[in-house]
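K.L.:
Encoded as structure tokens, here's the structure I'll be asking about.
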Amino acid sequence: MNKKYNLKKICAALLGIYVLCAFLFLFIADEQIKYTSVEQYAIAETPEKDLGELTDGISILQTFKSKHKYLNDVEGYFLTYGRENSGTVYLEVLDMSSNEVLAESSAAISELGNGEWQSFKLNKRINTAEIENGIIGLRFTFKGSNEGSAVTMTTQSTKPDGASLFVNGMEFENRSLCVKAIQSNDSSHAIWYPVALGIVFVFLLLFCGWNIRAERQGKLTWGLKFLYTVERYEFLLKQLISRDFKTKYKRSVLGVLWSFLNPLLTMGVQYVVFSRIFRFDVPAYPAYLLTGVVFFNFFTDATTQAMNAITGNASLITKVYVPKYIYPVSKVLSTSINLLLSLIPLFLVALITGTKITLAYFLIPFGLVCFLLFVIGISFFLSTAMVFFRDMQFLWGVFTLLWMYATPIIYPISLIEGTFLHPFQKINPMYHYVSFFRTIIIDGISPEPMQFILCFGFALAALLIGGLLFKKAQDQFVLHI
């Protein structure tokens, strides 16, 4: 065989890309690696009594004793009286032992929701271990609000350890302000991430060396076999992908523009129904909704097309020998072109809703690769099942519909807390993939390290199970198509 590829260059590129990705991960996900997952400590969370209109100059001070090492953010519960209000609320975090201001934040009163928790992003993380007795003060000051255009905050008849409530210096006995401290601790696993990445690098280095040596000795490893197969059938794979993509938009007036319009129109309908009629109050809800729609639509479209990859290519399979896995793979890859095009309106909507493009966007390719491998694995299973059980095409449509409504695509996950669907999300691959992308696009930060592991784990499991099932049954395909 005339070798088209230089194995040494491929191995060098593979190792170089891995090292680059590893350093990007350690740099971008630095905070998620160093600190534990966010913990919420509610000083009070059940609104019982409000404080009246909080007009210009009113100051509220709530003290509390920190439960964790770091204070990241603060959330406060507000009521707007169901009207448009004006002014600004300022938050100062105080060291009560010295009255020193440790961090600040603010929010426009006109943007506060009625009966909603408002998040105050602090300008720095506070190490509460450095505060004497760990007593922290949260001081809310209201500016520019007059009677008839002011909001209020609520209290609960509770007084946790170290908690005291003062309004303009007057103490409220046995009551606490409805606020939450968003806290975290140092992670005990931080050192293991670079160690694990180093071990994987050594494994890749040995794998590359093994294949280079085998090639010199004229032996065939599974890695070389895969490379030679890609080389031999690269042209056919490109032709299949091009055919499938062109066929989808054949005789369509708008053509490829539907890749932009379809997710936007779907999001528009669902946004009106669920945000306006059912009143889902989710920050940056258009971006939240569109992220779920784009990725779940791709999953449904790709698996539905790949399911018919073997039965739909019966004429080729019975006449010409081609590795059969090329057919479902080509279907997924052709559909992935639509996914990449759909990301453009997704990013535009994210920007319009106020989210920012951050370095975390460099982590999106990792999620995309894992997601594609997961879909390919599912496609292997479905295309195999379709050969022997033609009813699969009807059952799969019903199953994906149930899967979509069982996954927080349209609604927030808080809506299903306390139901059987909430623990189901722990083993729901689509929830983890969509959450991975939402964390990057909406929050602008890296997902938790466990999210990376879960995304890769689901992809690997689907690929292994689907691939083994496909390989075992592929010799029987010709007898049933």
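Counting begins at 1 with the first residue displayed.
Using N, Cα and C of the backbone, Cβ positions are placed for all residues, glycine too.
Summarising the annotation, TrEMBL assigns transmembrane segment to 191-212, 253-273, 285-311, 332-353, 359-382, 394-413, 450-470. The feature domain 'ABC transmembrane type-2' is assigned by TrEMBL to 254-473.
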K.L.:
Would you mind listing the long-range same-chain contacts of the transmembrane segment (359-382), meaning Cβ under 8 Å and 6+ residues beyond its ends?
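P.N.:
Same-chain contacts beyond the flanks: 21, 24-25, 27-29, 295, 298-299, 302-303, 306-307, 309, 325, 328-329, 331-333, 336, 339, 392, 396, 429, 433, 436-437, 439-441, 444-447, 452, 455-456, 458-467, 469-470.
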K.L.:
Sequence-remote contacts (6 or more beyond its ends) of the transmembrane segment (285-311), Cβ cut-off under 8 Å?
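P.N.:
244, 262-264, 266-267, 270-271, 274-275, 317, 324, 327-328, 330-332, 334-336, 338-339, 342-343, 345-346, 349-350, 352-353, 355, 371, 375-376, 378-379, 382-387, 390, 392-393, 396-397, 400, 404, 407-410, 412, 430, 433-434, 437-438, 441-442, 477, 481.
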K.L.:
With Cβ-Cβ distances below 8 Å as the criterion, list the same-chain residues six or more beyond the ends of the transmembrane segment (332-353) that contact it, or say none.
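P.N.:
The answer is 237, 240-245, 248, 256, 259-260, 262-264, 267, 284-287, 290-291, 294-295, 297-298, 301-302, 305-306, 368, 372, 375-376, 379, 441-442.
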K.L.:
Same chain, outside the transmembrane segment (191-212) by at least 6, Cβ under 8 Å from its Cβ: which residues?
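P.N.:
Distant contacts of the transmembrane segment (191-212): 7-8, 11, 14-15, 18-19, 22, 25-26, 33, 221, 223-224, 449.
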